[in-house]
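> Mind looking over this structure? Questions follow.
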Amino acid sequence: MASSDSSYSRKFLLITFLPLSLACLAFLLQWRSGVNDSVTQWFDDNYPFPGMATVSEKRSLRSDSSCVSLLGQSRTQAFPYLRDLKLDHKPDLKPRICITTSTSAGLEQTLPWIFYHKVIGVETFYLFVEGTAASPNVSRVLETIPGVNVIYRTRELEEEQAKSRIWNETWLEKFFYKPCNYELFVKQNLNMEMAITMARDAGMDWILHLDTDELVHPSGTREYSLRNLLRDVPADVDEVIFTNYESSVERDDIKEPFTEVSMFKKNFKHLPREVYYGNYKEATRGNPNYFLTYANGKSAARIQDHLRPNGAHRWHNYKTYPNIKELDEAAILHYTYSKFSDLTSRRDRCGCKPTKKDVKRCFMLDFDRAAFIIASTSTSEEMLQWYRERVVWTDDNLILKLLRKGILTRIYAPMVIIQELREAGVFSSVVTSAHMSLSKNRSNSSTSSNY
């Protein structure tokens, strides 16, 4: 009887655990990519999503300033979540968001800027390019990126913009026919006006104007998503304002601000009044103002009839006064003067005389004026000393105090996203793909000419 019970028990256990064992085996095989299903078949590469890699898996940042190191090492396979670098946003993903910018930056700045904003939900980019950005080696790469529209400053463009109604409006007239920053400001508005038309024709829902040293920080949203943020905006709101935070660099040898800067000074609008005014002097550190440059943020506007730019930071409407909402948490991260070389690059773009009188004709902000004079009249050693005193944060005790007060804050999300994109080979793959496409076209052209 005991033998019979023992045999029965073994059979019962076998019948019970065999299906469970087979189910576990099937799960393990599928998890190890031994079996493909409708989900895993699209993500069969072994690259992690941004932020999933362990510390031991992360490679240290290279310290050299070459374009190759900044764009990352090339890989044969593209980042799986970008699927061959297309990052196509289907029209049914609402709202559809676009960004317009006027830039002369190189690929080491524009590629991280573009793909970061693609990750958080931006679909289309209108890049009005000049200088380095318009050079063949840069522009031909930008033109290969889906969703990126490259607009050159041609004679035809200037003739078209000369007909703009902006020239007859009073709200911008004080900036007309002045050099340097004033000229750029007018160009930005003319470009924004053209971008509105292109965005409407493309069926966009929202438009932002950003510089390529600015990143949207959609803090407080689900999945760190700009699309989710704008989707939740009430239907009667025409425009939302992002306050800006300003980069606070802790070294004078920053090469790639987006992945080397994590500390920012918060806008006074996101601070209690007593904290802001009580620590103003220490937070300013002898500079003309609380922020080195602008403090009025940037805004996003719904694409609608009669929309117009209202300076580089706002939008307006020719027919009605827009209903505007200020966002409580989301911000624009402004990486201003985050590299020592920014002093000379800004100087080289302007032909003003380095005098206190003339710089007022060329620059709107006090810090820009002071920086231009220093960069134009000082030795490299004097410039570096000035930069360390005015821009770089080196007092650990002061940093700790202002972090505790909430004036300074650490923000890591953009750094993580961009570094993971770089380590996945996204930026270098774009460059390689563009060069291969160019070589192929040249080869085909050469072959055709032989017949």
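Quick reminder: no glycine exception, Cβ is built from N, Cα and C everywhere.
Swiss-Prot lists 109-345 with the feature domain 'GT92'. Residues or ranges marked as N-linked glycosylation site by Swiss-Prot: Asn36, Asn137, Asn168, Asn441, Asn444. What Swiss-Prot records for 1-23 is signal peptide.
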> Ranked by the number of other Cβ atoms within 10 Å of their own Cβ, which of the glycosylation sites Asn137, Asn168, Asn441 ranks first?
Asn137
> Measure from the CA atom of Asn441 (N-linked glycosylation site) to the CA atom of Asn168 (N-linked glycosylation site) and give the result in Å, rounded to a whole number.
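That separation, Cα to Cα, works out to 45 Å.
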> When DSSP is mapped onto helix/strand/coil, what comes out for Asn168 (N-linked glycosylation site)?
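DSSP assigns Asn168 (N-linked glycosylation site) to helix.
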> Sorry to bug you, but what's the C-alpha spacing from Asn441 (N-linked glycosylation site) to Asn137 (N-linked glycosylation site), rounded to the closest Å?
15
